[in-house]
Structures are given as structure tokens and as C-alpha cells.
Amino acid sequence: MMSRQAFLCSLGSLYLSLLFVFLLMDVYARPANNSALKEKPADSRDENEILPPDHLNGVKMEMDGHLNKEFHQEVFLGKEMEEFEEDSEPRKNRKKLMVIFSKVDIDNDKKISAKEMQRWIMEKTDEHFQEAVEENKMHFRAVDPDGDGHVSWDEYKIKFLASKGLNEKEIAEKIKNNEELKIDEETQEVLDNLKDRWYQADNPPPDMLLNEEEFLSFLHPEHSRGMLKFMVKEIIRDLDQDGDKKLTLSEFISLPVGTVENQQAQDIDDDWVKDRRKEFEDVIDANHDGIVTMEELEEYMDPMNEYNALNEAKQMIAVADENQNHHLELEEILKYSEYFTGSKLMDYARNVHEEF
């Protein structure tokens with residue numbers, strides 16, 4: 001019969017063997033860790049931090065030539081625009097709107113004049129400008145890793161391509177050694193356009209280095225007269241069909257690329273044409289000769305143009321001026337709240353006197 005000592009030794013050996021088998025199975029069951037090959041570098045940036053935005057707050061037209069559908073709300077609400085969300089409580093939004101009304105009505109006569117609205121529009125536009133300046137500081141730090149206060153085109157190019165998913169160290173090495181970069185045609189086209197824009201933002205004498213102020217102009221052309229001209233040229237280039245560097249009404253209202261497949265799409269296209277026709281004829285074409293020049297479009301696009309702000313103020317008042325006294329009263333602005341804030345306030349008339 002096996003001795004007690006021999007039995008215990010045998011049991012211990014069996015336990016160690018089973019433990020070894022389980023550990024081996026666990027190792028092979030785990031997925032291979034390839035994250036080092038596929039994972040982006042920790043300092044790679046999101047594409048939205050790298051690319052100039054298509055939408056510019058407080059500017060009437062998008063970078064791609066589309067009308068800014070939120071322009072009225074942006075120049076009326078400024079930084080408070082985010083607070084007026086459609087799903088927020090109507091009573092709270094009504095109170096916020098009443099507070100805004102009292103701020104615009106600086107002479108406290110219970111109505112808003114065109115001059116008062118003009119002053120308010122300029123103030124809210126400046127808020128958007130200051131917001132862009134603060135955001136630019138963060139974006140500039142993202143592309144200025146050595147913190148020397150300047151960003152070269154190559155530094156920006158590396159960050160941009162890294163944001164597209166390419167390995168940042170490999171890109172940097174290839175650019176340093178003047179090696180060919182294998183990127184797709186679409187990315188190359190974007191890169192070429194960005195380089196043109198970079199050159200325009202580079203104040204004389206050009207050195208392809210942007211400081212923080214120049215980088216602000218690169219991202220936000222509305223902050224620089226020179227870059228605003230460049231933006232206008234880009235928009236006209238995209239819309240101008242006969243190459244005369246001017247826009248006719250038919251060129252301006254041309255439908256986006258695509259076919260109309262159903263009634264809903266047709267309605268969208270009808271709205272596109274109607275809105276752009278009105279904007280062209282009533283606002284952009286200043287001398288009403290049926291042609292929009294670069295100079296006219298530049299004046300239209302300039303968010304700090306006081307004459308434009310006054311015209312905008314008059315238009316905003318006209319939308320809600322039901323008693324035709326050329327002023328806005330509280331009841332009117334509450335009734336047309338969706339136009340001014342993007343939020344519809346229900347039962348505005350019933351509550352206006354009890355809350356104000």
C-alpha cells in the first residue's frame with residue numbers, strides 16, 4: 001500500500017500539472033495585443049481641432065457658400081445660444097428672452113429700435129469673435145508641440161495627416177527625409193487647399209511660419225481682411241460658372257449637386273432657391289444690377305460691418321413688427337421667438353404680463 005508521504009507527493013505533482021495546463025490555456029485564449037501597431041499616438045489630435053471650421057458663428061455664409069441658417073439666432077443670442085435648446089423648458093426660455101429684451105432696450109421705453117438692435121448685434125458678434133480667439137489658443141497649442149510660438153507648414157501637415165489616422169512618427173520621418181507620402185487623392189486635394197490658405201494667412205514677408213494671430217486668421221478668416229478676401233474668392237470660384245469672377249442670380253441659386261428623387265427633396269430644393277434668391281436680390285447685390293462682385297460679397301461677409309448690422313437689425317424687426325411701428329415690443333419678440341432663438345415658446349401671450 002502507498003505510504004501517506006508518497007500519496008501526498010503524487011497529489012502535489014498532479015495539482016502542479018493541472019495549474020500549468022490552466023495557465024497555458026489562459027495565455028493562448030487571450031487576444032494578441034496589437035494595440036501598439038494600430039493605436040494612434042497619444043498626442044495625435046482630432047480632425048476638428050486641426051481643420052478650419054466650415055461654420056463660422058456670426059458670419060452670414062458658410063465656407064462652402066451655403067447660407068448660415070442660424071445667423072439670426074447667433075447675432076441675437078451670442079454666447080447664450082446654447083441655452084436656448086428646443087428641448088429646454090419654455091417657461092425658462094421665456095424668462096431668458098425677457099432679460100435679453102431689457103438689455104437691448106437701453107432707453108427703457110419698452111420697445112427696441114433699429115439702432116438699439118444694431119448695437120446689440122455688434123456686441124453679440126464681438127462675443128463670437130472673442131470665443132474664437134480663446135478656442136484658437138487651444139488649437140494653436142495642439143499644433144505647436146515645441147511651444148516656440150510658431151508653427152511651420154510641415155508641423156501642421158504632420159498633425160493634419162495624423163488626425164486622418166496615419167502614424168505621426170512615420171509621417172514626420174518621411175517629411176524630414178523628403179520621402180514621398182502615400183495618401184489618397186481626396187486627402188491630397190484637401191492638403192493642397194490648406195496649403196494655399198496657409199500661405200494667405202502668412203503675413204509678409206512670407207516664411208510659411210504662422211504665429212498665434214496668423215493661425216487665428218487661418219482658422220477664422222473673418223478675423224482678417226486679407227483672409228476674408230481669400231474666403232470670398234474661394235466661394236466665388238466654387239459658384240462662378242462662366243469664369244468672370246462675378247456671380248449672377250442663376251449662378252448663386254444653382255442647386256447643390258444631386259438629383260431630386262421625391263417630393264420632400266423637391267420642397268427642400270424649392271426652399272434653397274427661394275432663400276438664396278431673396279438674399280441675393282435684397283441684400284448681397286447692393287446696387288441691384290443683377291451682378292454680385294467680389295467687393296459686394298466681401299462687404300456682405302464682413303461680420304463687423306456696422307452698415308450690415310443696421311440692415312440686419314431692420315430686417316429682424318420687420319419680421320416680427322406686427323403693428324408696423326418700426327420697433328420690436330416684448331409681445332412681438334415672444335411671439336416670433338423661434339426666429340430669434342430657434343425655440344418656440346408656447347402660450348407666450350398668456351404669460352407675458354404676469355412674468356414681466
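One is the number of the first residue shown, and numbering goes on along the chain from there.
Just so you know, glycine gets a Cβ as well, placed from its N, Cα and C.
The annotation Ca(2+) 1 binding site is assigned in Swiss-Prot to Asp105, Asp107, Asp109, Lys111, Glu116. The DSSP secondary structure for Asp105 (Ca(2+) 1 binding site) is coil.
Among the features that Swiss-Prot reports, Ca(2+) 2 binding site is placed at Asp144, Asp146, Asp148, His150, Glu155. The Cβ of His150 (Ca(2+) 2 binding site) lies under 8 Å from the Cβ of Asp144, Leu209, Leu210, Asn211, each of which sits 6+ residues away along the same chain. Following the DSSP three-state reduction, the secondary structure of His150 (Ca(2+) 2 binding site) is coil.
Per Swiss-Prot, the feature Ca(2+) 3 binding site maps to Asp240, Asp242, Asp244, Lys246, Glu251; the stated evidence is sequence analysis. When secondary structure is read from DSSP and collapsed to three states, Asp240 (Ca(2+) 3 binding site) falls in the coil class.
For Asn287 (Ca(2+) 4 binding site), the same-chain residues 6+ apart in sequence whose C-beta sits under 8 angstroms from its C-beta are Glu296. In the three-state DSSP scheme, Asn287 (Ca(2+) 4 binding site) falls into the coil class. What Swiss-Prot records for Asp285, Asn287, Asp289, Glu296 is Ca(2+) 4 binding site, and it gives sequence analysis as the kind of evidence.
As annotated by Swiss-Prot, Ca(2+) 5 binding site applies to Asp321, Asn323, Asn325, His327, Glu332. Secondary structure at Asn323 (Ca(2+) 5 binding site), taken from DSSP and collapsed to helix, strand or coil, is coil.
Computed over the domain 'EF-hand 1' (92-127), the whole-number mean pLDDT of the model equals 96. As annotated by Swiss-Prot, domain 'EF-hand 1' applies to 92-127.
Residues or ranges marked as domain 'EF-hand 2' in Swiss-Prot (evidence: sequence analysis): 131-166.
Here Swiss-Prot flags 227-262 as domain 'EF-hand 3'.
Taken from Swiss-Prot, the feature domain 'EF-hand 4' covers 272-307. For the domain 'EF-hand 4' (272-307), the residues of the chain that approach it from at least six positions outside its boundaries are 58-61, 67, 118, 122, 125-126, 128-129, 222, 228-229, 231-233, 235-236, 245-249, 252-253, 255-256, judged by C-beta separation under 8 angstroms.
Sequence annotations record features per position, and here Swiss-Prot assigns domain 'EF-hand 5' to 308-343.
Residues or ranges marked as N-linked glycosylation site in Swiss-Prot: Asn33.
Annotated signal peptide per Swiss-Prot: 1-29, in sequence order, evidence recorded as sequence analysis.
Long-range contacts of the domain 'EF-hand 5' (308-343) within its own chain (CB-CB distance under 8 A, at least 6 residues past either end) are made by residues 70, 72-73, 75-77, 81, 84-86, 88, 90, 93-94, 97-98, 101, 110-115, 117-118, 120-122, 125, 283, 299-300, 302, 349, 352, 356. In space, Asp109 is the closest of the binding-site residues Asp107, Asp109, Asp146 to His327 (Ca(2+) 5 binding site), judged by Cα positions. The Cβ of Glu251 (Ca(2+) 3 binding site) has 17 other Cβ atoms within 10 Å, all protein chains considered. Distance noted between the C-alpha atoms of Asn325 (Ca(2+) 5 binding site) and Glu251 (Ca(2+) 3 binding site) is 37 Å.
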